[in-house]
Each structure stands twice: as structure tokens, then as C-alpha cells.
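Student: Input: one structure, supplied below.
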Amino acid sequence: MLEFAEVQQPNRKTLFVEVILPLAISLNYTYRIPFDMNGAVAVGKRVVVQFGKSKLYTAVIAAVGEHAPEKYEAKYIIEVLDDAPVVTQKQLAFWQWVAEYYMCNAGEVMNAALPSALKLASETKIMLNREHEYDKTQLNDKEYLITEALDIQPELTISDIVKLLGQKTVMPILRLLFEKNIIILSEEVSERYKPRRKTYITLNPVYLNPDNRRELFEILEKRAPKQADSLLAYMKLSRQQKNVAKNELIEESGAGEASIKSLIEKEVFFAEQKVISRLGYEDDAEESSVFELSPAQQHALAEVREHFEKKEVVLLHGVTASGKTQLYIRLIEEMIATGRQVLYLLPEIALTTHIIERLRIYFGGTIGVYHSRFNDNERVEVWQKVLRSEYKVVLGARSSVFLPFHDLGLIIVDEEHETSYKQYDPAPRYNARDAAIYLANMHNAKVLLGSATPSFETYYNARSSKYGLVELTERYGGVQLPAIEVVSISKELKQKTMQSHFSSVLMADMALALENKEQVILFQNRRGYAPVLMCRVCAHTPKCINCDVSLTYHKHTTKLHCHYCGYKEDTPAVCPACGSTHLEYKGFGTEKVEDELSVLMPDVRLARMDLDTTRSRNSLQTILNNLEEKKIDILIGTQMVAKGLDFADVTVIGIINADSLLKYPDYRANERSYQMLSQVSGRAGRRGKQGKVVIQTYDPSHRVIKQVIENDYLDLYLTEMEERKSFHYPPFYRIISIDVKHMNPEILYNQAEYLATELRKHFGDRVIGPEPPLVNRIRNFYIKTIMLKFEKDGVSINKAKALIRDTITQFQTTKLSKGCIIQPDVDPY
DNA sequence: AGCACGCCGACT
DNA sequence: GTCGGCGTGCTC
């Protein structure tokens with residue numbers, strides 16, 4: 001395959017392109033170029049191609065060449081969508097790396113990378129053939145139903161028909177109708193991204209002359225007073241602002257659209273359509289960075305710079321509220337001064353207006369924001385601005401590693417330990433932090449990882465000098481670390497001082513905070529009301545019909561919910577197994593905490609922040625605004641409250657039950673618990689006042705809790721590393737886990753065992769399992785997990801992956817493996 | 001991911 | 001017998 005540059009001249013050569021389709025298929029496909037499009041093709045442009053019998057897809061050109069494929073006749077491409085490539089060569093190379101490293105297909109990476117408005121698949125549209133008369137009495141019931149529906153609604157999709165007929169196989173019926181010329185089937189892809197346009201009004205320069213204008217005004221005032229009003233309104237607006245939009249003018253004049261139209265016809269006004277951005281904030285930076293770095297920050301900044309001389313990656317290990325963001329701002333300023341781009345990664349949940357506003361103050365219109373709460377059109381606009389280098393800085397969540405940067409100089413990964421950097425479903429199962437390090441390498445850029453509680457992988461790399469390490473141990477502005485008090489739940493239960501789930505200590509601290517007009521955050525790592533409903537007579541618990549989990553009772557819907565597949569059912573009044581009415585709620589979630597607290601403290605303004613209350617587009621922001629404006633006294637939340645919340649008046653943090661964290665059956669449980677507890681604690685008393693953290697637990701002497709109290713990350717790290725080493729876990733070993741799924745548990749058992757045996761032929765006792773995961777059935781698929789552990793420096797991980805891939809491919813050719821889904825997960829979380 | 005083709009159970 | 005579900009293979 002040749003590069004585009006070598007075949008650029010329009011000519012009569014027959015060209016072929018290799019394209020990436022946005023599908024989970026392993027190959028790229030080759031299409032032929034019609035002669036008249038020879039000049040238009042280039043690597044990185046999107047094309048429309050037919051794939052399969054009828055579907056049209058947007059594909060991306062990965063290579064251009066002259067050799068016809070030998071084994072088949074290539075189809076022609078249908079259309080070239082772009083004037084200039086929307087995907088850069090560097091990005092294509094990056095996609096390739098992600099696909100190989102995370103053992104998935106290029107198409108899956110493409111799906112994660114491109115905003116969906118840039119990758120359209122066609123949908124089959126069913127319409128009546130108006131040219132053709134037909135006899136309704138000749139149709140059978142189903143055909144009649146379809147034509148009737150099309151009389152009411154001129155266009156239907158396949159899934160509409162499926163619903164209409166209540167059956168899955170509809171194509172034979174549709175094909176018959178098509179053959180009888182009664183319906184038309186059409187496949188269309190239309191560009192979904194539409195730039196937003198706005199009409200602006202300018203004054204004919206003739207009337208910039210005051211005499212001419214006065215003359216015009218006098219005429220208008222007599223003959224068309226409304227038009228005179230419009231002219232006056234224009235004069236007023238144009239003094240206040242650079243551009244006058246038509247709709248603003250209509251509003252200002254109160255004269256209606258007609259008068260403006262007349263003035264345009266008289267050539268007093270000129271109308272001009274301009275493409276405007278949906279993103280807002282075109283202003284320049286309001287002020288340069290006026291803040292002063294503390295001596296500790298200055299020292300850390302100097303150290304970061306020094307490490308960057310020799311190291312590609314630096315870890316900034318800074319305690320919560322040590323002012324890491326200010327360091328980032330300085331580094332970003334320096335980098336964009338050299339003309340290079342900066343990517344600033346944050347976990348989705350931390351991308352609040354708070355941090356966005358703060359950075360906009362310094363970087364104005366040169367900073368772009370990219371996250372999942374943006375709609376498609378907005379995402380395309382960010383994509384294009386990055387492509388055209390209009391954005392120098394991008395602040396974004398995990399998927400922003402896929403933006404079309406030209407020249408990255410620096411990537412900042414804040415809260416680098418966050419598990420949300422890892423995507424799990426759908427593939428690619430990539431970790432944005434690790435992918436960012438590779439991306440930086442491609443651009444010759446530096447990476448700064450920031451965290452108060454670094455992941456052990458990162459800390460290990462830093463301590464072994466692979467990464468630079470900078471420690472920032474002082475809280476900015478001399479804010480003290482919070483006082484942590486551990487409360488034994490069992491002791492308070494014995495003393496009968498617990499009020500439902502709240503210890504006397506927590507109740508007292510909350511009361512004190514509220515008295516001082518301060519705020520409280522309560523952390524409970526479980527949503528819903530009660531995770532288990534159990535019959536007291538026969539111990540029956542309602543389970544999900546699709547998954548192997550008990551259903552959680554949600555009070556606001558009064559239904560039982562499955563947190564894995566979304567299934568809901570009515571809460572039974574009597575036990576479905578034995579008919580007893582003695583049903584008991586076991587365990588508790590955020591809803592119940594809220595409920596109980598509203599009884600104990602009836603006058604306090606409560607709010608809840610969990611997946612259920614933040615699902616819609618603006619709800620998270622609303623909760624945060626209310627907290628900021630002190631419309632909330634106590635916020636109850638899941639993990640979410642641990643991340644990136646920064647409010648001055650929150651002085652008390654309550655961890656309702658630390659045991660659910662500590663008892664989690666995973667080798668990382670201690671690391672996770674420490675991170676979670678210390679991140680949540682960090683939310684207390686950030687400005688001016690020492691905060692208080694109350695940790696409620698049945699196990700107050702737990703080692704991790706001690707380490708959290710003493711703020712001794714290093715001690716945690718060193719003790720845990722001993723275990724990691726002896727039990728062959730990261731960072732000493734790399735893990736690749738393989739999920740095997742099947743609807744039938746017996747087949748799954750046999751096939752997973754067989755695959756493991758095949759893998760053992762290559763990797764011996766590096767293969768562990770298959771073992772059932774914590775939840776061994778999700779959405780009706782039974783699951784087994786095979787784990788492979790590779791010593792860090794022993795084997796070539798690339799060779800191992802190639803072997804695994806071959807083994808899986810081999811496995812999938814066997815008859816018995818049919819119906820098995822195989823999902824590799826590289827560096828799983 | 002679709003869609004076609006072919007096998008097989010259930011219902012006229 | 002036939003209709004429709006479901007498994008399986010292929011798509012440049």
C-alpha cells in the first residue's frame with residue numbers, strides 16, 4: 001500500500017483503499033475508487049461504503065494503493081465525505097497500538113475514538129411505493145398491517161416493523177412486499193453534524209455617514225415607523241457590541257421580522273449567515289495568572305521541570321488540597337507559549353464547571369472541554385477545533401486521548417489512580433492513563449501524573465526511577481489535615497447509642513457543623529434503599545431473572561432493581577416462595593441513609609448524589625450548585641462524593657460503613673479502601689478550618705484504617721507490595737484476564753476448561769482458572785474468567801499476546817466453541 | 001453489527 | 001406441511 005502523497009496527481013490509475021469499518025471485525029476491507037474520485041481520496045478521510053448486502057457505513061481510509069485484491073472483486077466506494085482528513089496519520093497509528101495492546105479490533109477503537117456524529121451507519125427505511133397501485137384485499141394480515149401503518153407514518157424502520165408485528169423475523173415479509181412493488185426500501189447516510197448558523201445584520205456603509213443616515217431616518221419615520229424603530233435599535237446595539245445578530249435586533253426593536261426584511265430588501269441592512277460555535281467562550285483570557293505559588297509549590301514545580309529533562313513521565317504525589325492544579329496551570333502556560341498542545345485528563349465526574357471555569361480564566365478561548373455530557377454536535381466541534389489547532393489546551397475525560405492533536409507537548413493525568421480511566425464495556429478495554437503515556441511518546445511529549453494516593457503501579461515506577469517522583473506534602477495555604485475519628489459500630493451498638501446507622505459521635509459532629517452553618521457529606525458505597533430483601537421464614541431472596549444477583553429495593557420507585565442489567569420488578573407483598581408476610585430489608589444504601597436521616601433530623605436540607613440522582617444531563621451540576629450555594633446541609637452519596645468536590649464549608653465527613661470497602665474480595669481492596677477513605681477525607685475543611693472525618697466500622701483496628709489516620713501512604717504501599725510480590729500480582733506481574741461467556745452453564749464450563757487447557761500448553765502455570773467471577777451470570781450470560789499472569793521482565797508481552805490471540809482464534813474454529821463470547825481484558829481493574 | 005441461509009420444533 | 005426461532009457464517 002502506498003501513501004497518499006505518492007499517488008496524488010489525478011490520473012487514470014485504478015486506486016484501492018483499505019478502510020477501517022466501525023465494527024468488531026478483525027480485518028480491514030479493500031474498496032475500489034471510481035476514477036472521478038481519485039483526486040479526493042486520502043488517508044484519514046471518511047468514505048461511505050456498502051458492507052454486506054445492503055448496509056452503508058462510514059469508514060476511515062487507512063491506506064491507499066494500486067493493487068487490486070486477488071481473491072475477490074472489490075466494491076466501489078460510494079462517496080468521499082471529507083475535503084481534508086478528519087483523522088491524522090498519528091491517530092491511525094495510535095488506534096493501531098490501542099487495538100494491539102488491548103487485544104481488540106481497529107473498528108472498536110474507531111468507535112470509541114470518533115464522535116458518533118462522524119460515523120454514521122445507514123438505517124433501512126421502509127416507505128410505500130406511491131407510483132404503484134395495489135389491491136389491499138390481496139394482502140395477508142401482516143402485509144395489511146404494514147401498509148396501514150405506512151399510511152399513518154410515511155417512514156418506518158425495521159425495528160418499528162418488528163414491534164408492529166410482534167415477531168423477530170420480518171425481512172422475508174418485507175422482501176415479498178418489495179418484490180410486489182408495494183414498498184420501497186432505502187438506505188441512506190446523511191451527515192449528522194450540522195454547523196450552527198446565525199444571521200447577522202450589518203448596516204450599508206453608505207449610512208455610516210450621519211447625514212445620509214438622518215435623511216433615511218426621516219423618510220422611514222414618516223412612511224414606515226417600525227422600520228425606523230429597527231434602525232434605531234440597530235444603532236443602539238452596534239454601539240454596545242461588535243456583531244448584531246438578527247434575533248437580537250428583533251428583540252431589541254420590538255418591530256418584528258418583517259421590517260428588518262424590508263430594510264434588507266432596500267439594502268439598508270445586509271444580512272450575513274455565519275457559522276457559529278455551540279461551545280461558547282470565544283473570549284480571550286480575562287487575566288493572566290495572578291496567583292502566587294507557595295514556596296513548596298515553587299520547589300515542586302522546579303523539581304518537575306528538572307525531571308522532565310531526563311524522564312518522560314513524572315509523578316506528582318501531592319496530598320489533597322496541596323494546590324496541584326496551580327502547578328498544572330503554570331506548566332500549561334509554559335507549554336502553550338512554545339506553541340505546542342496540552343491535554344489535561346480528569347475523571348469524568350471531576351469535570352465540573354468549577355474546574356472548567358477556573359481554567360477558562362487563564363486560557364480563555366484556547367481551552368476546549370470534552371466529556372460525555374456533551375452532545376454529538378458539540379463533540380464534533382471540539383474535534384475540529386483540535387484538528388485545526390485552534391485549541392491549545394484540552395480538558396477532558398478518558399476519551400479525549402483520541403482527539404486529533406497535531407503537536408502535543410504535555411499530557412497531565414490528574415487523579416491518575418482513578419479506576420474510571422479504564423473503560424470496561426464496550427471494547428476497547430483501554431486505560432486512558434496508560435494510553436496517554438504511549439500517545440505522549442508518539443508526540444515526544446511529557447506526561448505528568450498527579451495524585452494524592454497514586455496507584456501502586458505508578459508509585460512503583462516512580463520509586464524504581466522509571467518515572468520522576470515529586471512529592472508535595474504541604475497543604476496549600478497551611479490548611480490542616482482533617483482530624484479522623486474511628487467509631488466502633490459494635491461498641492456503640494452495645495451501649496445502645498447508635499441511632500439507626502448513625503453513631504453518637506457522628507450525630508454530635510453533624511449537629512455541631514449544622515449549628516455553625518457548615519455542611520456535611522456522608523459516604524455510603526451503595527445506592528438504592530436495601531440491597532437484599534429476605535423472607536424471615538424461608539430465607540428466600542428475590543433475584544434478578546437475567547443475572548446472578550439479588551435485587552436492590554429502591555424506595556423512590558418502590559420496585560426491586562438489578563444494578564447489572566437494569567431489570568425492575570414490583571416489590572412482592574408476600575414471600576414468593578412460602579407466602580409469608582415477614583419480609584425483611586437487609587443491608588442499606590444511600591436511599592435508606594437519606595430516609596433515616598430525614599426522620600432523625602427533620603429540619604435539615606438533605607440531598608443525595610448517586611447514579612440514580614445524576615443520570616440526566618444537568619442533574620449533577622444542579623446538585624453541586626445547590627451545595628455551593630448552601631441550599632444543601634447534608635449531602636449523602638456514593639463514590640462520587642469522593643471525587644473532585646471542593647467546597648469550603650464542608651467540615652464534617654461521615655463514612656457510614658467502611659467495612660463494605662475493606663471486605664471487598666479483591667487483591668486491590670486495601671489499596672482501593674485507602675484511596676477512597678483518604679480522598680473522601682480530603683474533602684473536609686479545605687479552607688481555613690480543620691475538618692473532621694468520622695469513620696464508622698465494625699473493625700476499628702483494621703490496618704488500613706490506621707494507615708489512613710496516620711496518612712501513611714508509604715506504609716500501606718510497602719506492606720501491600722510484599723503481598724503483591726508473593727502472590728504474583730501487579731506491579732510485579734502483568735495480568736491479562738479472559739472472560740468466557742455462554743448462555744448455557746454446562747457448555748461454558750466445558751469450553752472454558754478447554755480454552756484454559758489450550759492456553760496452558762503455551763503458558764503453563766501462568767494460567768489460572770477458569771474461575772467464576774463475583775457475579776457469575778449477567779444478562780443471561782454465564783461467565784468464567786481465565787487469568788494469565790506474566791512476570792514483568794521475563795517474557796515478551798507482545799509475543800504472549802500474539803500467542804493468546806492465536807489460541808483464541810484456534811479455539812473459535814472448533815465446533816463446540818460456537819456461542820462462546822471471548823473477551824480479553826489487558827491490565828484489568 | 002446486520003443479514004441470509006438452513007435446520008428444527010410447534011401449530012394450522 | 002409451513003411459519004418463525006435460532007444458530008452459523010460472511011461481509012471487500
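Any Cβ shown, glycine's included, is placed from N, Cα and C.
The Zn(2+) 1 binding site annotation in TrEMBL covers A:C535, A:C538, A:C575, A:C578. The Zn(2+) 2 binding site annotation in TrEMBL covers A:C544, A:C547, A:C562, A:C565. As annotated by TrEMBL, domain 'Helicase ATP-binding' applies to A:305-472. According to TrEMBL, the feature domain 'Helicase C-terminal' maps to A:570-727.
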Student: For the Zn(2+) 1 site given as A:C535, A:C538, A:C575, A:C578, which other residues of the same chain have their Cβ within 8 Å of the site's Cβ centre?
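Tutor: Neighbours within 8 Å of the Cβ centroid, excluding A:C535, A:C538, A:C575, A:C578: A:R536, A:V537, A:A539, A:H540, A:P576, A:A577, A:G579, A:S580, A:H582.
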Student: With a radius of 8 angstroms around the mean position of the C-beta atoms of A:C544, A:C547, A:C562, A:C565, what other residues of the same chain does the Zn(2+) 2 site pick up?
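Tutor: The surrounding set, listed in chain order, is A:I545, A:N546, A:V549, A:L551, A:H563, A:Y564, A:G566, A:Y567, A:I778, A:R779.
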Student: In the structure shown, which of the binding-site residues A:C535, A:C562, A:C565 has the fewest Cβ neighbours within 10 Å?
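Tutor: Candidates: the binding-site residues A:C535, A:C562, A:C565. Fewest Cβ atoms within 10 Å: A:C565.
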Student: Would you mind reading off the Cα separation of A:C575 (Zn(2+) 1 binding site) from A:C547 (Zn(2+) 2 binding site), to the nearest angstrom?
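Tutor: Taking the Cα atoms only, A:C575 (Zn(2+) 1 binding site) lies 20 Å from A:C547 (Zn(2+) 2 binding site).
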Student: How many neighbouring Cβ atoms, not counting its own, are there within 10 Å of the Cβ of A:C544 (Zn(2+) 2 binding site)?
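Tutor: If we count other Cβ atoms within 10 Å of A:C544 (Zn(2+) 2 binding site), we arrive at 25.
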Student: Counting distance between Cα atoms, which of the binding-site residues A:C535, A:C538, A:C578 is nearest A:C562 (Zn(2+) 2 binding site)?
Tutor: A:C535
Student: In whole Å, how far does the CA atom of A:C578 (Zn(2+) 1 binding site) lie from that of A:C547 (Zn(2+) 2 binding site)?
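Tutor: Answer for this pair: 22 Å between alpha carbons.
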Student: What are the non-local neighbours of A:C538 (Zn(2+) 1 binding site), defined as same-chain residues 6+ apart in sequence with CB under 8 A from its CB?
Tutor: A:C575, A:A577, A:C578, A:S580
Student: Inside 10 Å of the Cβ of A:C547 (Zn(2+) 2 binding site), count up the other Cβ atoms and send me the figure.
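Tutor: So the Cβ neighbour count for A:C547 (Zn(2+) 2 binding site) comes to 21.
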Student: Going by C-alpha distance, which of the binding-site residues A:C544, A:C547, A:C565 is nearest to A:C535 (Zn(2+) 1 binding site)?
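Tutor: Closest by Cα: A:C544.
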